[in-house]
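Asker: Annotations for this protein, taken from TrEMBL, read as follows:
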| type | residues | note |
| --- | --- | --- |
| SIGNAL | 1-20 | signal peptide |
| DOMAIN | 24-138 | domain 'CUB' |
| DISULFID | Cys84-Cys101 | disulfide bond |
| DOMAIN | 152-270 | domain 'CUB' |
| DISULFID | Cys213-Cys230 | disulfide bond |
| DOMAIN | 275-453 | domain 'Laminin G' |
Amino acid sequence: MENWIVLCLSLLALVLLTEGISICPSREIQATEGEVTSPNYSPTGPYPSDSDCTLAIDGGDDVIFKIKFNYFQVEEDEDDPNVCNYDVLKIIDGPRTFRYCGRGIPPEYTSTGNKISIAFQSDSSFELGGFNASFSTIRVEAPEPPTGSSICPTREIKITPDSPDTMNGSLYSPNFPNFHPNNQRCTVTLDVPDNYKTVVWFKKFSLQYSQTCEFDKLVLSDELDSSTQCGGSANQLPPPMELKGKKVQFAFTSDDKTSAAGFQLKYNVTRLQEGRCVCTTGLGYVTIDNYKPRNNRKQDDIQFEFKSTQSSGMIMYAKGFYRDYIYVGYKDSKIFMYHIDLGTGEAKTQTTNLKLNDNKWHKVHLTRADRVLTITIDDGVASLVGQTPGGYNRLDIPTSKAYFLGAPTSQNLLPNFIGCIRDFAVDGYEPITNAFAEKPDYLIARKSSMKLCSASDE
């Protein structure tokens, strides 16, 4: 009896394979090969009117489909044959839908995944012979699991230069490399410190396309720029991006309809280089609008190298609401000054008997530990230690604007610096490189007056 059942099922499968599987009624099947036909398929007889059927085929794990049309006669709109307004056969492959009509054999189709749907619709008039299509499956290697982490859930990642693992990473859409789920709203924010930029590039990208990306999209942004991405394919990846803001965001949105294979991107946080060495004519200067979070109240560490033919020049100045201030510069060609007031009286520490306007590079290192100040010029050619009066040891500059290489004339300071300066860092912050990158809070007044150093300058 069991042998008889097996024989009957085998004969039934052979008949179905020979005669084809009618696309109607709508249903889901599991199959790795076969033929699909229009309802009541016969090359000499028309398919029925008012048909609306979808056959969904699951090929199993780790396969893709190949579809080859053996016969095709489906009514088309002669006035607009590319639109298929009357009768239409559709191949639905994940987020992509391909429409066919007319009397020509469509090209062979290879799917992107292991599931595919074939849909057929006919109107109420002028039916033709229909279609016959063979399908088969090809085994593919299972994709390797992606490295990195999903863009969901929403979270913030703090970039810490002292922790190399945070300086680069990879993000991918939920469920990648499979199709992403619908109705997703997720944002990953990189908290990037000053002195650094973020470079982003894509390894994979495929989201539902629309001209304005109103359905599914990935938005890359910072305080300075924004880019919205959708569509894409294996051969059409978004271009690499360079983001210089402090808050770099990756925001993924999917709607409640079509899904796609999604995306995988990589990011690398690297040190800013542009502005590491600049030459200025003295017409411009750099400012930090909100200096308080960058001010180390109990200590200073200021380093740079400069060369100039100017007899006097201002390097740095910042002042609080009351007496507190810090002032760095040189004057009369030979005096380097490091002035500071912690609110209990000025300390004017300055070296003398130098030649600072000889157009040669001079190395400067200024430090403060509580009330103790040190100046070191050219690795010890000149050095001096000073101390602020009183017992207070903190520099308070709340929400103050800090000036570098110059300031408005209303400040009544030394002349704006004229010459070249490189590797300028204040308590770990690099005011010039951050200003060239247009980081938030940093600004260059009259940027055209500054140029990057040439090989001859360095």
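Positions of Cβ are set from backbone N, Cα and C atoms, glycine also.
Note that the structure is predicted; figures quoted are calculated from it, not measured.
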Asker: Could you state the CA-to-CA distance between Cys230 (disulfide bond) and Cys101 (disulfide bond) to the nearest Å?
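Answerer: With distance taken Cα to Cα, Cys101 (disulfide bond) is 28 Å from Cys230 (disulfide bond).
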Asker: Rounded to the nearest angstrom, how far is the Cα of Cys101 (disulfide bond) from the Cα of Cys213 (disulfide bond)?
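Answerer: Spelling it out, the Cα of Cys213 (disulfide bond) and the Cα of Cys101 (disulfide bond) are 28 Å apart.
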Asker: Tell me the Cβ neighbour count for Cys230 (disulfide bond), meaning other Cβ atoms within 10 Å of its Cβ, over all protein chains shown.
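Answerer: Step by step: centre on the Cβ of Cys230 (disulfide bond), count other Cβ atoms within 10 Å, giving 22.
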Asker: For the disulfide-bonded residues listed here, Cys84, Cys101, Cys213, which shows the highest count of neighbouring CB atoms within 10 A?
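Answerer: Of Cys84, Cys101, Cys213, the one with the most crowded Cβ is Cys101.
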Asker: Just to confirm my parser: what is the rounded mean pLDDT across the domain 'CUB' (24-138)?
Answerer: 91
